[in-house]
Amino acid sequence: MPEPVAEPALNGLRLNLRIVSIVMFNFASYLTIGLPLAVLPGYVHDVMGFSAFWAGLVISLQYFATLLSRPHAGRYADLLGPKKIVVFGLCGCFLSGLGYLTAGLTASLPVISLLLLCLGRVILGIGQSFAGTGSTLWGVGVVGSLHIGRVISWNGIVTYGAMAMGAPLGVVFYHWGGLQALALIIMGVALVAILLAIPRPTVKASKGKPLPFRAVLGRVWLYGMALALASAGFGVIATFITLFYDAKGWDGAAFALTLFSCAFVGTRLLFPNGINRIGGLNVAMICFSVEIIGLLLVGVATMPWMAKIGVLLAGAGFSLVFPALGVVAVKAVPQQNQGAALATYTVFMDLSLGVTGPLAGLVMSWAGVPVIYLAAAGLVAIALLLTWRLKKRPPEHVPEAASSS
């Protein structure tokens, strides 16, 4: 975790602008993810002629690479400082675009082209984990650890914004100039972000001996488990709400997803100080309660308006879960280990979203689509009970390393 810069207290618009000036680098990294997201599956399957398995694998490789590299991103951010990690991650985003470009240029050699696409996706996954983790820690270093919840919230907002913008823009660029044009746009976005990041003032890396990964995991895993359980609700809505609407014979699944996203972003914008005012665990428990009600409404919905209200509540409830628990998880370790703690904590969400789809698909094929929303509500209820137990647990003293004093 970087050492915060000592300067007058920030608040209001000035604070938000300072945070946005850093998390915009995470926006750039997620824009490079969103731009090819709606293009590559069809390109691999329809243009290159590979099976749906390979089309899915090309997309999934990025997520696996992000999952595996995220703990390393946090540890290197603690050791080297977050700015270097952000620039490194953005370089990975640039190289992923180069991979797409060379894949397009070697389209006459399908196997080589596919390998280059896969390589680009792996590099993108590594780049995103470094840019995302680094930008959060850089933002905290700039505005101070008091505002860590707000930094995490803004990171989530720019993530959703970049993905929402990137997918339709990517389709437009692809229809305009093919895969090569899309690749050049991706490289351009990453290059501009790198050039903007390099002259920015750095923040010092924290001094002190880092804890081993096992020790960091031991401090944050309960918060990560609560996050993973709550993420199941997000996973079943994002993945299966279209099938749910089809099974009911309703229209409007896309609008339901829009409602979820609006509730998610709107809640973060409306309650920026909630975590500081009433505490991360209290906010998390309130959020779990709202998310449970929303998921239950979706599961028992007999009319489209019931499902839409449920999706809206689920989005609002899930919105602050990550920053609320993240603030507490990060503060459970010494300052020089907080980058590793944040990255390790985030892995639980990555894992949850990775396994929710297949497991929910099995449950759906056995018991029907509505049941997966009721099951997800049950998992969030377990997260609520776990967080309640964590709140009742006596606070632990977190010693700072002697060398950091």
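A Cβ is built for glycine as well, from the same backbone N, Cα and C atoms used for every other residue.
Note that this is a predicted model, so its numbers are computed, not measured.
Here's what Swiss-Prot has on this protein:
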type	residues	note
TRANSMEM	19-39	transmembrane segment
TRANSMEM	47-67	transmembrane segment
TRANSMEM	85-105	transmembrane segment
TRANSMEM	107-127	transmembrane segment
TRANSMEM	156-176	transmembrane segment
TRANSMEM	178-198	transmembrane segment
TRANSMEM	224-244	transmembrane segment
TRANSMEM	252-272	transmembrane segment
TRANSMEM	283-303	transmembrane segment
TRANSMEM	309-329	transmembrane segment
TRANSMEM	344-364	transmembrane segment
TRANSMEM	366-386	transmembrane segment
The transmembrane segment (85-105) in contact with the transmembrane segment (344-364), cutoff 8 A, at least 3 CB pairs, sep 6+:
no
Residues sitting near the transmembrane segment (156-176): Cβ under 8 Å, six or more positions beyond its termini, same chain?
20, 23-24, 26-39, 43, 132, 182, 185, 261, 264-265, 268-269, 319, 322-323
Other than its close neighbours in sequence, what residues sit by the transmembrane segment (366-386), given a CB gap under 8 Å and a spacing of at least six beyond its ends?
222, 225-227, 229-230, 232-233, 235-237, 240, 243-244, 247, 285, 288-289, 291-292, 295-296, 298-301, 310, 360
Test of understanding: applying the rule of at least three C-beta pairs under 8 Å (pairs 6 or more apart in sequence), is the transmembrane segment (19-39) touching the transmembrane segment (283-303)?
no
Paired segments the transmembrane segment (309-329) and the transmembrane segment (178-198) in contact, 3+ CB pairs under 8 A:
no
Cβ under 8 Å to the transmembrane segment (344-364), counting only same-chain residues 6 or more beyond its ends: which ones?
63, 66-67, 70-71, 74, 133, 213, 216-217, 220-221, 223-225, 227-229, 231-232, 234-236, 239-240, 243, 322, 325-326, 329-330, 371-372, 375-376
